[in-house]
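**Q** Pulled the feature table from TrEMBL, pasting it below:
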{"type": "TRANSMEM", "residues": "A:7-26", "note": "transmembrane segment"}
{"type": "TRANSMEM", "residues": "A:33-54", "note": "transmembrane segment"}
{"type": "TRANSMEM", "residues": "A:74-91", "note": "transmembrane segment"}
{"type": "TRANSMEM", "residues": "A:103-121", "note": "transmembrane segment"}
{"type": "TRANSMEM", "residues": "A:133-151", "note": "transmembrane segment"}
Amino acid sequence: MNVKFDWNEWYFIITAAIALIVFLPIRKYFSLAMIVVIWMYNLVLVATIDYFFIATPFHLYYFGDNPTYELSGALYHFFMYPCCSVIFLFIYDKFELYGKKTIGYVVCWTAFSLFFEWLCVQNRVLNYTGWKLYYSIAFYPTAAIVLIALFRFTKGKLHELALPKLRV
Amino acid sequence: MLLFLYILMNAAVLFVFMKTRRTMHMLEIFVCWWMASYVYQNYSALCFMNFKTLIIPDMFTPKAAHFLNRIVLYPVLMVVFLQLLLRMSTFLRKFALYIGFILLLSALDGLDHVSGILIHADWRAWWTIALWVITLPFLIVCMKLFRIILFKGDHTA
């Protein structure tokens, strides 16, 4: 392992901090239970996908300076993706981007996610060793649709729990 | 053949899980499943990619079998442990369940080594036992914390 604290580590910290700063004021829009569910789902999803593609036998990409499990990668898993998912759901629910609007919204987020992934590659945060940027085109919309489905499912379950409390 | 056996084992555990009487809320099950999977994947990734004390052979079959194990077999067994724990009334029974699951999960880890999907290199047997001794109470704490958030929190927002 040869970890140097250089620009890519700063990039990890700055982008994760920006995501966290945007997340903090909007977190109260959701209940704490919803935040935990969304956070845990994203954490395990990205950890699973990354471990699957980074490790044997695929070796398609790696985070940071070495093809090992780096703290910077874990930092991204823990803060970046869950915060971005909460922001995604906040805009979706606050502005009621339901029905046909969802398609346009998912397309916009896919474009933004691809641009952000490209930025990560340019800043050597993400190093491709077989992966291509266009492979991700299928991943982002799928992840967004599953996230919306999970959000609606969780909202329904939490509503069921809240109903007895609302009864007089 | 090896992959098929592991698919069968994962399916059997999933079947047992679905047949176990539910003592947890659906959201609790999901959160505990994800937490268990995250803990196990981190243990596997750190030992495999950094410390090199675990080796996953560079072939599709062991890789796929281990992938299934870390998203289904081990997390589901840990959730079954939590479900059964909630049904136990006395401390002695809870402790017996805890010991039983440490032995079961350690035996599965040993089976992974023997079958060649997760080879332990320069490994001490007590490390496996220590992993489960720590992980299971950690999951109990996570479950209890989420219970407080879920059942005492305000979900009208």
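All residue numbers here begin at 1 and follow the chain in the order shown.
Even glycines carry a Cβ here, placed using N, Cα and C.
In TrEMBL, annotation is done automatically, which means it is predicted and not curated.
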**Q** Compare A:7-26, A:33-54, A:74-91, A:133-151 by their Cβ pairs under 8 Å to the transmembrane segment (A:103-121) and return the stretch that comes out on top.
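**A** That would be A:133-151.
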**Q** The transmembrane segment (A:7-26) vs the transmembrane segment (A:133-151): three or more C-beta pairs under 8 Å (separation of 6 or more)?
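**A** In this chain the transmembrane segment (A:7-26) does not contact the transmembrane segment (A:133-151) - fewer than 3 Cβ pairs sit under 8 Å.
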**Q** Give the nonlocal contacts of the transmembrane segment (A:74-91) in its own chain as ranges (CB under 8 Å, at least six residues past its ends).
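**A** For the transmembrane segment (A:74-91), the list is 12-13, 15-16, 19-20, 22-23, 26-27, 29-30, 35, 38-39, 41-43, 45-47, 50, 63, 97, 105, 109, 144, 147-148, 151.
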